[in-house]
Every structure is written in C-alpha cells, then in structure tokens.
Amino acid sequence: MSSKKAKTKTTKKRPQRATSNVFAMFDQSQIQEFKEAFNMIDQNRDGFIDKEDLHDMLASLGKNPTDAYLDAMMNEAPGPINFTMFLTMFGEKLNGTDPEDVIRNAFACFDEEATGTIQEDYLRELLTTMGDRFTDEEVDELYREAPIDKKGNFNYIEFTRILKHGAKDKDD
C-alpha cells in the first residue's frame, strides 16, 4: 500500500516538474522580457493569447495576416496559450536552434580575415543568392536591429549572442 502512495506522489509531481523546468530554462530578466512580450500580445488582457490577439498584434506591426496564417500559428500550441504555455513554446523553439558555436562558425566561413565581422553588402549578397535564399525585405528585417558598425561591418559574434541570449538594454 505504501508503494501505491509513492507511485501516486511521483505521478502528481511530474507535471509540476515539467512546468518548473520551463522557468528554469531562462534567467529572471529573460522571463520578465517574455512576460512583457506576452502582455503586449494579449490585447484583451484575459491572460490568454487567442487568434484575435495575434491578429491585432500583427496588424499593429503593419501586417495583414490571413485567417489560415493565424490558424497555423495557433495550431502550434497544444492548448490555450497562457504565459506558461507561451514560455514553453519559446523554450522549445530556442532549444531547436543550433548551438551558439555552430551559428558563429557558419558565419566565420565567410570571414576570411577572422575579424568577427562580415561586410553587410557581402552578407546581403550571400543571403539572397545562396542556399535558402532570403528576400531583400527579409534581409532588411534582419539588419534592422543587427549589430552593424558605421563602416557597414556586420558583427556576427554579437549577432549570435543576441540570437541565443537576447539583446542587451541600451542602458547597459
């Protein structure tokens, strides 16, 4: 009988552990950033992100998403998207990205002088003509917040850090 109690306790604790692992994946400042993003998307402030919230958020960014596009986004979640689900989905997406050194090494292949930078025009040419080709608009979007100095050098080491860990505040 005591073994049944132990099994029951273990079974009850598993979902809790899975949930707390989501929060353990990120540091406190990252969780706060995700919370702010969640609140910006949750337009009606009901604690859940629904299709209308997504539509309103994308519309505020100048996009005009189709119902099919919104449905596809909503179907990525196994259920209602509360903050914990939102964090879980981001955790899964971030874990699905390549390790930092793999991303950095991919850029380094085009950095013949090992400076940690690539000329932005050269990178644009590579991105729009090789492999899974980017459109000019996609490259513009990438460059919008990218670490590019006044001479047009794209700092791929810093970009990789931002990609994996988030942007530093401008005040830091």
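Every residue, even glycine, has its Cβ placed from backbone N, Cα and C.
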Key: Listed as phosphoserine by Swiss-Prot, one of Ser20, Ser29   = Ser20
Request  = May I ask you to name which of Thr19, Thr66, Thr128, Thr160 Swiss-Prot has annotated as phosphothreonine?
outcome  = Thr19
Note = In this structure, the one of the binding-site residues Asp42, Asp46, Asp53 whose CB has the fewest other CB atoms within 10 Å is Asp46
Query = Who sits close to Asn44 (Ca(2+) binding site): which same-chain residues at least 6 apart have their Cβ under 8 Å from its Cβ?
reply = Asp50, Glu52, Asp53
Intrachain neighbours beyond the domain 'EF-hand 3' (134-169), with Cβ under 8 angstroms and 6 or more residues off its ends = 30, 33, 94, 97, 100, 103-104, 107-108, 111, 115-121, 123-124, 127-128
Task = Specify the secondary structure state of Asp53 (Ca(2+) binding site) as given by DSSP, simplified to three classes.
result = helix
Request  = Count the residues of the domain 'EF-hand 1' (29-64) that DSSP assigns to helix (H, G, I), to strand (E, B) and to coil, and report the three numbers in that order.
outcome  = 23 helix, 1 strand, 12 coil
